[in-house]
Amino acid sequence: MSNDTNNNPNLLYTEKGPSLKSQFNDFFKQFPHHSLEYTKSIFPIRNWIGRYNLTWLYGDLIAGFTVGAVVIPQAMGFANIVGIPVEYGLYSSFVGMTLYCLFATSKDMTIGPTAVMSIILAQTIPRVKADYGDTDFPYLSTDITTAICFFSGIISLAIGLFRLGWLFNFIPGPVIAGYISASVITISIGQLPNLFGITGVETRLNPPYRILIDFCAGLPRTKSDVAIGLISLAFLYAVKYGCAYGEKRSTKYKKAFFFCSILRVVKKVPRGLNHVKVPNFEPQLVNAVFKSIHIIVLISLLEHISIAKSFGRINDYKVQPSQEIIAIGITNVIGSFLGAITATGSFSRSALKSRAGVRTPLSGVSSATLVILALYVLTPAFFYIPQAALSAVIIQAVMVLLSRPSYIRTLYYVEFWDLVVFAIAIVVSMFSTLDNGIFASWGFSFIVLLARMARPRVDTLGRLALATFNRKSDKSDDSIPKYAFVPLEDPSFTTVETPPEGIVIFRFTESLTFPNSNYIDDSIVEYIELHTRRLYKRAVKKDDQPWNETDGLVDAAENEKLSPLRAVIYDFSAISYVDTSGFQALIDVRKAVNKHAAREVEYHFVNILDERVQNALIRADFGRQIPIITESINEKTENNIEEGIEFPKTNKRFFHLTIEEAIVEAQS
């Protein structure tokens, strides 16, 4: 770039930014410091543990024991969904709640087995057995779950350490909500046969619609378990809603009603940590596990991050996704050696923890203490409950995750396509599997996103008079109107005026990149050909006429009524990036428009957000009093690039801060 850049008054950005070489030098110079800070950032506990006090301890103990009382029956129920012994769910809860406080950026999150992850594991185990290859599978289901737990933890840890948590921002909220609602429906339908005591219904391999059909067909085989199951379910909901009513009616005993609402019955579990061992790393088993590990990692991290962010917004603190992923990774790696299943954040237990008045992430230690007591000391105090009652506990626990009608109405009124994305996740999951549901939903949302990027709105702006003012005295003055610039075609603005004669103003709503460059090119050229006078004359002799030349979009009589084009103004206020295809599109527009106008049209740019965009426009020969039509960006000669840009000696400006300024300059 020429030294004239620093002194050229025609530019918005005149100071040259730091070079790439200087940025690299600064990076390597600061590398030891950044490495130390990065290591410290892995342990957020250092930021608050020094200020820990008795008040925080009291809140954490209450919240921790409250969650511990709930996690015991839930963990057993979720292990039952997976199809493994119930104690494996408790192992997962113990490890997650013990380690999370060291890496946590959320005080409310509780890590352990969840309903969504349990149903995914239940559907994954048969696939792993099928992918193993041998007819006789030589391992237990628990060997599969611990191997999945280990490798999902390793992958999650790598994602967190490389700070790649931002990748999950590409999965939109409706996909997550639809997937979780589909999981609730799948789990609830899968528990119906156990609730009614009906045997012979395959609930782990069949999709939900098939389970529902088999359940209805098996209703004549209903056993007396149905009485226990329905009474248990009715009791759980009666306690929940009765205590909620009591909280509203009697604020004095609000806390008492709240803690009564969490009462649960639990099932007898084996004493102690009986399955401490190294996970099975037999190559054929590992290969089979890796074919399905992607969905486990995706769901565990997605569920945890979305829940953590929700509680961060509610309770006014910032969650660091990559740090949360590190916590999940370490929990699952260590947990796999204790026999744990894949753990992630639990919405219901986290909500309970938040309501119980938790103060810091250390509350998880008290929950883990209660779980380990249940495993070693308190097991004789637990009494046996039938499978039907355990199914009732599961159904009641997962129903809180179901999306409410108000959320569905919001999707409909805010963005209809988000509702379609939400519905696809549920419908596909009902007739297939949950992983197919989330991939179908996310795939459709990605198609919608690409369509929006490839077909952005290009607004043609007009002037809307707001008030009048005097620049010198700041008093009203009818001679100098004040304008807002709004889309001409918008029916909400009935008094909008067209720009001054011969000037057209365009505003882009997306960055100008390769997916949308051709569309924007065509839109601008078509509008100019329809609304400005065509001065280009066709050759008289047919032999001299190009084969693709037409008479234009407007007939001759209408064309004479239109104003000739003098200047085009581009509003770049919504553009943060323009790639090579985008710049080529602007050059192609210039060539077509200049041909249509039979003259060199001026091109003015407003609100450029990046110095690199301005400099690239200059290299494409914009910003000159008499623009040079360039066939292609790549047609610049080597000498031109080496010598830099020769700026014209003119006071005419082509880069502006406001549209009004650009109009005044275009009229001068």
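Positions of Cβ are set from backbone N, Cα and C atoms, glycine also.
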Per TrEMBL, the range holding transmembrane segment, considering 253-276, 325-348: 325-348
Best-contacting stretch, by C-beta pairs under 8 Å, relative to the transmembrane segment (56-76) and drawn from 144-164, 176-196, 325-348: 325-348
Cβ contacts the transmembrane segment (325-348)/the transmembrane segment (176-196), at least three under 8 Å, sequence gap 6 or more: no
Range from 88-106, 176-196, 360-378 with the greatest count of C-beta pairs under 8 A to the transmembrane segment (410-431): 176-196
Model confidence over the domain 'STAS' (501-666), averaged pLDDT: 80
Tertiary contacts of the transmembrane segment (285-305), as residues 6+ beyond its ends and Cβ separation under 8 Å: 109, 111, 114, 116-117, 120-121, 124, 127-129, 131-133, 139, 143-144, 147-148, 151-152, 155-156, 159, 165, 168, 171, 176, 179-180, 319, 321, 324-325, 328, 332, 342-345, 347, 435, 438
Ranked first among 88-106, 144-164, 176-196, 360-378, 437-454 for CB pairs under 8 angstroms with the transmembrane segment (226-245): 176-196
